[in-house]
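A.B. asks: First the structure, then my questions, so here it is.
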């Protein structure tokens, strides 16, 4: 069931049913099997919600801090620019895939760059997705059970409502979440099965935006908010370098490429893929801009790297504690519903790396259960014993995300295996690679300096 070494000669001898990696649907398209009704294709709205849920994850909470760093105008322009580049990079992948009748990102990388191209893509998705899901689970633990940082304890929702008990401790709450929420949701074998939870997830993200905007507008009318800065305040070379650290945050917030083929494969009419991508990106960009603007307006220069932590204080409005709880509960449920969408791609990538020649994972229930259970266990244990991993994933997550979202698609269009790239495509691809490499190199350098500096201060 593997894709051989990914070369064109190998791929001619491999049927579509044998191709398997992170973005192939777990079950054959529109096929009726034992006890499974015929699948007539995913709907436009279901595809939009699934792709939007893939995009809007934990990244939404870091964007207000990026706006604080960049200023309102450059920050919003950056969000729009990355959205446009994301649309262009996905379009490159989809056009090449349709031309070559390819059903997955990994197969396309293998067809273009051989076996090592496929492996590089799968490894990048594994690094990116497992990092995001550990962070998701840590956020769930922090919000529901509380956390302590720098000697300051932030009470979780359950602790605030019922007081500290064994049953609402971090290990117990996360174990219950894993068994009774994540477990059932990650057991589905088709992305379209998650369309309703994805719709709810997007709705909860909108709830967060509406509440934040409402509070900010009330505070603005009362004159109790600071006027936010429109442009960054530069006071030296270090400040300029630090501006680049916002780039990986914005880029990571748009990474959804690993699920595009799954959504494309499940559509009855694959010509809908482009409008689905454009609709999802427009929706998510609107949510990102609104969240960033109103959260920064509300908290000003006190906006934290994870803006959710700002909703642990007095908002200076009536029923402040109620609004704090509503915001945190809605967001933590949103995270729970994003989790299975990201997990879908992780499981298939890891299976592709470990068992490249085995039959499709959907046809091997034992392997499906073992890989699913093992991944959940690893993510759970990491969230329990490594409660703060942000610095590590600033490096691994941002680097893998840039490869998946921009560098790999640009490399494919430059290699142009199907002869469809225009001169404009190749100029855009080269520009994407240069921007991605330069901005992320500077960002990683700046992050490294910040970590070294903080460790010296602590010493």
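Using N, Cα and C of the backbone, Cβ positions are placed for all residues, glycine too.
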A.B. asks: Under TrEMBL, the annotation transmembrane segment belongs to which of these stretches: 349-367, 368-386?
C.D. replies: 368-386
A.B. asks: Against the transmembrane segment (73-94), which of these stretches has the most C-beta pairs under 8 Å: 119-139, 171-188, 329-348, 368-386, 427-446?
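C.D. replies: Ranking 119-139, 171-188, 329-348, 368-386, 427-446 by Cβ pairs under 8 Å to the transmembrane segment (73-94) puts 427-446 first.
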A.B. asks: Any residues 6+ beyond the ends of the transmembrane segment (368-386) with a Cβ under 8 Å from its own?
C.D. replies: 130, 133-134, 137-138, 140-141, 170-171, 174-175, 178, 182-183, 186-187, 189, 343, 346-347, 350-351, 354, 361-362
A.B. asks: Counting Cβ pairs under 8 Å that sit 6 or more residues apart, are there three or more between the transmembrane segment (200-221) and the transmembrane segment (427-446)?
C.D. replies: no
A.B. asks: Check for me, if you would, whether the transmembrane segment (427-446) reaches the transmembrane segment (119-139) - at least 3 Cβ pairs under 8 Å, residues 6 or more apart in sequence.
C.D. replies: no
A.B. asks: Determine which residues of the chain contact the transmembrane segment (171-188) at the Cβ level, with the cut-off under 8 Å and only residues 6 or more beyond its ends counted.
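C.D. replies: Distant Cβ neighbours of the transmembrane segment (171-188) are 137, 140-141, 144-145, 156, 158, 194, 197, 336-337, 339-340, 343-344, 347, 372, 376, 379-380, 383-384.
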A.B. asks: With Cβ-Cβ distances below 8 Å as the criterion, list the same-chain residues six or more beyond the ends of the transmembrane segment (241-260) that contact it, or say none.
C.D. replies: 22-23, 50-51, 54-57, 59-60, 62-63, 65-66, 69-70, 75, 78-79, 82-83, 86, 89-90, 93-94, 105, 125, 128-129, 191, 232, 273, 277, 280-281, 284, 288, 341, 344-345, 349, 394, 397-398, 401-402, 404-406, 409, 436, 439-440, 442-443, 445-447, 449-450
